[in-house]
Each structure stands twice: as C-alpha cells, then as structure tokens.
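Have a look at the structure below, then the notes.
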Amino acid sequence: MKVTVVGAGNVGATCAQIVAEKNIVSEVVLLDIKEGLSEGKALDLWQTAPINYYDTRTVGATNDYSKSAGSDVVVITSGVPRKPGMSRDDLISINAGIVKSVTENVIKYSPNAIIIIVSNPLDVMTYVAYAVSKSSKNKVLGMAGILDTARYRAFLAEALDVSPRDIQALLMGGHGDTMVPLPRYTTVAGIPVTEMLDEETLAKIIDRTKKGGGELVNLMGTSAWYAPGSAAAQMVEAIVMDQKRVFPCCVKLEGEYGLNDIFVGVPVKLGKNGVEKVMEVKLTADEQELLVASAAAVKEIMDVVDGMNIL
Ligand SMILES: NC(=O)c1ccc[n+]([C@@H]2O[C@H](COP(=O)([O-])OP(=O)(O)OC[C@H]3O[C@@H](n4cnc5c(N)ncnc54)[C@H](O)[C@@H]3O)[C@@H](O)[C@H]2O)c1
Ligand SMILES: O=C(O)C[C@H](O)C(=O)O
C-alpha cells in the first residue's frame, strides 16, 4: 500500500508522520511545491523510523508527481491556511486553483486513488477535487468531522473529568460555524450526555466546538495541525486497513437527508472502497433544519467556485 500526502506543511507533515508511525503502509510520499521542503521532511521522518520502530519508507519530491504513481490513498493538504480575522471561506480564491491543479496531477498518476481533501474551505474543496478528478463519489471525501467531533469530545471530557476515549459523538454539516453537533447522539460510555451535563454547559461546549478552529487560529496566528493531521491519518488507516469504521466525513449527497448534489459532513462507513455507505440517522425537525441551513451555507460557496469558471 502506498499513500501520498500533497502539501508538506503543518498538516501534511503531521499526517505523513502519523501514517508512517502506524506502520500500515509500505511507502508515504510527500509532495510540495516549495523546493526541498518535502524531501527534507521525508528524510527527517525516515530518520525517526529506527527510533520509533516502524518500516514505512518516507519519500519527498518537489512537485514531481511521478513519485506518487500508483498511490492507493492521496491526502491533499496543499493550500494556504487562514490568519486571525479571516474565515475559511476567505481562502477560496487561492485554494480552489491549488486544489484543482493538484488534483489533476494526482489523478494523472494515480487514477484509482481514494482522495482525502483537507484544504479549506473544506466542503467546497472536496467539491472541486470531485469535479476535477471525475472519480466516483465514494472515492473523493473530505476530512473535517473527525476533527470537529474530536474537539467536541475533548471539551466534553474536560467538563465531565472523564477519558476522551469514552465519549462517542456525532456531528454533521459543513466545516464552518454552521456545523451541527448532535447532543442527542452523544454519549459517555453509552450514557446520554444530556443526562450528565446541564443545558447551559452543553450549549457552551457546542458553541466552543463550532468556533474551535478559530480559537486556535487566534492563539497561533495560523491554523491547527496536530488534531487535523491525526484525523486525516485515521481516515487513511480506516481505508488501507479496510476497517469499516464509521466517521463523520464530507461526502457528496445524492438524496440522503433530503439533500442533493451537495458536499457536507455525514456519518459514513470507511473501508477499502473509500466511502462504502452513508449512514442515515433519524433527525428531529430542529436538527434537520440546522443541517439544511449548514448545507445552504456550503452551497453559497460552491456557487462562488462555479462562478470562477475553473471547473
Ligand atoms: N479540513 C480541516 O479540518 C483542516 C484543518 C487544518 C487545516 N486545514 C487546511 O489545510 C490547508 C493546509 O494547512 P497547513 O496548516 O498545513 O498550511 P501550511 O502553510 O503549513 O502548508 C501548506 C503547504 O501547501 C504547499 N502548497 C501550496 N501550493 C501548493 C501546490 N500547488 N502544490 C503542492 N503544495 C502546495 C505549501 O508550500 C505549504 O507547504 C489549509 O488550507 C488549511 O486551512 C483544514
Ligand atoms: O480553522 C481553520 O482554519 C483550520 C481548520 O479548518 C480547523 O478547523 O482547525
């Protein structure tokens, strides 16, 4: 199995490191447009193999997609991150062109690859990669839901003073302030969280989750990478190990949840064929309304990309 990560910056390098350390693939290729960056990071990573005890070979190449040929999974992290005061949507004019050209190169050398998008604005960049790759909808998906639920679970674990491992949660919608955490589907080792936290505390945690990316941008001046890199690596693992894990991921909907031709986060089953099933859970009228509003916010930005005439 071979995995390529495009973009050897903060998220890409972290993802490559975690995939390599999991020791689940024979090769991880890192690609970046910046001369020497991916070669340097791949070499540095390879020198951690004897220390961290894994065999996965890490290889770097500056913009040479032939090195990525025959990849089973490709993670696209190339693009600019936001700075304080910006929204993810503000990145569209730069990142749409980057994701387009990267996807063209990726698909040329790995026509059967499953493509995981990380670049922002996430849902719309997944749409761009899907349109450019002309791949099937099960093979192009976006990483956001694992990250957003991880934030939600981490905040809940803190408030309840329990292990984050015991918190199971579901969150749907776009990767923006309209995302829809679902307390009704959130449990602590099977116990509904609504029985363990009062409404006000839960509402504060949900609000902090929705603004979780921005909180980190304000602290660091650029966006997060440890949790995003880990989340993308978890998706890679589910696919290459054919784990059939259920995660919220950004996928193309064709009628599920009453939504059509839109890319938003929903729970899916991930295995060797990529998105093997979209899980349709029952939503209340209020929850459905929030999901529809979130999808509408994504559609607005999809329309902006359509107006750019690059697809
Ligand atoms: N989906 C999510 O939840 C999530 C989480 C974190 C970051 N992000 C997004 O991921 C992207 C990367 O974030 P980062 O913190 O790693 O940024 P970064 O600046 O550290 O790294 C981005 C890398 O992309 C490279 N790059 C730019 N254009 C390229 C091209 N045409 N071909 C190949 N490489 C190219 C840059 O040289 C740079 O090394 C941003 O758009 C950010 O908003 C998304
Ligand atoms: O917030 C960002 O801009 C990056 C990413 O989408 C995140 O949620 O950390």
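Each Cβ is built from the backbone N, Cα and C atoms, and glycine gets one as well.
Feature annotations, courtesy of TrEMBL:
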DOMAIN    1-142  domain 'Lactate/malate dehydrogenase N-terminal'
BINDING   Gly7, Ala8, Gly9, Asn10, Val11, Gly12, Asp32, Asn95, Val118, Ser119, Asn120  NAD(+) binding site
BINDING   Arg82, Arg88, Asn120, Arg151  substrate binding site
DOMAIN    147-303  domain 'Lactate/malate dehydrogenase C-terminal'
ACT_SITE  His175  active site, proton acceptor
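TrEMBL feature annotations superimposed on the structure.
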residue	record	DSSP (3 states)
Gly7	NAD(+) binding site	coil
Asp32	NAD(+) binding site	strand
Arg82	substrate binding site	coil
Arg88	substrate binding site	helix
Val118	NAD(+) binding site	coil
Arg151	substrate binding site	helix
His175	active site, proton acceptor	coil
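Between the alpha carbons (Cα) of Gly9 (NAD(+) binding site) and the residue listed as 'active site, proton acceptor' lies a span of roughly 20 Å.
The recorded positions close to Asn120 (NAD(+) binding site), defined as a CA atom within 10 A of its CA, are Arg82, His175 out of Arg82, Arg151, His175. Of all Cβ atoms in the protein chains displayed, 27 besides its own lie within 10 Å of the Cβ of Gly7 (NAD(+) binding site).
The least crowded of the recorded positions Arg82, Arg88, Arg151, His175, judged by other CB atoms within 10 A of its own CB, is Arg82. For ligand 1, the nearby binding-site residues are Gly7, Val11; that is, of Gly7, Val11, Arg151, these have a C-beta under 6 Å from one of its atoms. Checking each of the recorded positions (Gly7, Asp32, His175) against Arg88 (substrate binding site), the C-alpha distance stays within 10 Å for His175. Closeness to ligand 2 is met by Arg88, these being the binding-site residues among Gly7, Gly9, Val11, Asp32, Arg88 whose Cβ falls under 6 Å from the molecule.
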